[in-house]
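Worksheet: the structure to be examined is printed underneath.
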């Protein structure tokens, strides 16, 4: 069964253009082609990157955050209540009004206190500012290394300057060691992101991030197996270009350096929109869809790789809409608003609103007591609650 499945999966019609078989892809001492089993190296390399990341965040990024004044906000902790904790972990984290009333009855607590407990419990699960800072530092470091590695690998390659060269001699394009290690670096990083996905900072576009990681891993893996290496390197270096500006924008935002953050955000927006909506469609999509047809007829690999590239482009359009909206707000307000993908701590709004209401009530009561005392001092009489009323309407002093 497994042997039959393996033979079916690796049919040359899935991976190679018409007229080309695996016999034509035989290696020699000087010529090597990509092999699917090479991709298995990305798993141990991804685990190594996870270890390097943990060491980097603890030994480098965290001390830097402390020196730069990045402080975590003190969050009130939710009291340990077993009924509420069970509902929180098993059912949902944000109960509806009817569920809040039912839980309040079970715990013999006011509904407002139950609501406050869930709010504080949700805030406890949200990542701290230092965690966000460390994660942004790690990604910034990797994107810088990856981007300049890609430029160093591709600057003397003909397909970087003439995109038709991506298909010259395809699929019999020998694999160069520099291209192999560049591929392993990128694939290992995205695999490491999948491994750390449950522990990373979760944003509102979490589902889109999962789709992006999956499409990227499939695209890198398939392009390697089908020897789409040249077009794959262009995809990777284009993506890293804008990411090099995104992460420092986050870092300065966490540091409260507003002007620097705003400037970097505008630079990132320009680079992202140009690279993802102009350069990527022309350099990659048009290249794979039209230029490749000058060399070979369509086959399964042609349709599959174009489907993955279009999926990436749809994600580019989704994020571009968010960025354009933020730029529009920036132009109106003169400062960048918070990341639309981030979740605002509920205590920042709801908790403070309740505290303000309580302070206002206390202030009204205090004002009432003060005015009452002033009235007594001016008129020399005591308040009515210190006097006894008789049935005939006269008042008797106590």
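Every residue gets a Cβ built from N, Cα and C, even glycine.
Unlike curated entries, TrEMBL annotations are predicted automatically.
Note that the structure is predicted; figures quoted are calculated from it, not measured.
Sequence annotations record features per position, and here TrEMBL assigns DNA-binding region to 69-129.
Per TrEMBL, domain 'Homeobox' is recorded for 67-128.
What TrEMBL records for 131-332 is domain 'TLC'.
Here TrEMBL flags 378-398 as region 'Disordered'.
Feature annotation from TrEMBL assigns transmembrane segment to 39-56 (among others).
Within its own chain, the transmembrane segment (136-155) has Cβ neighbours under 8 Å at 53, 56-57, 60-61, 64-65, 178-179, 182, 185-186, 189, 233-234, 236-237, 240-241, 243-244, 247-248, 250-251, 254, counting only residues six or more beyond its boundaries. TrEMBL lists 136-155 (among others) with the feature transmembrane segment.
Positions annotated as transmembrane segment by TrEMBL: 180-199 (among others).
Positions annotated as transmembrane segment by TrEMBL: 264-283 (among others). Long-range neighbours of the transmembrane segment (264-283) within the same chain, counting only residues 6 or more positions beyond its ends whose Cβ lies under 8 Å from a Cβ of the stretch, are 163, 234-235, 238-239, 241-242, 245-246, 248-249, 252, 312-313, 316-317, 319-320, 323-324, 326-327, 330, 336.
As annotated by TrEMBL, transmembrane segment applies to 303-328 (among others). Same-chain residues lying 6 or more positions outside the transmembrane segment (303-328) and placing a CB less than 8 Å from one of its CB atoms are 205, 208, 211-212, 215-216, 218-219, 222-223, 226, 228, 231, 235, 265-266, 269, 272-273, 276-277, 280-281, 284-285, 288-289, 336-337, 340-341.
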Counting each residue once, how many in the domain 'Homeobox' (67-128) are helix, strand and coil under DSSP? 36 helix, 0 strand, 26 coil
At a C-beta cut-off of under 8 Å, are there same-chain residues at least 6 beyond the transmembrane segment (39-56) that contact it? List them, or none. 137-138, 141, 184-185, 187-189, 191-192, 195-196, 221, 224-225
Per-residue pLDDT averaged over the domain 'Homeobox' (67-128), given as an integer: 83
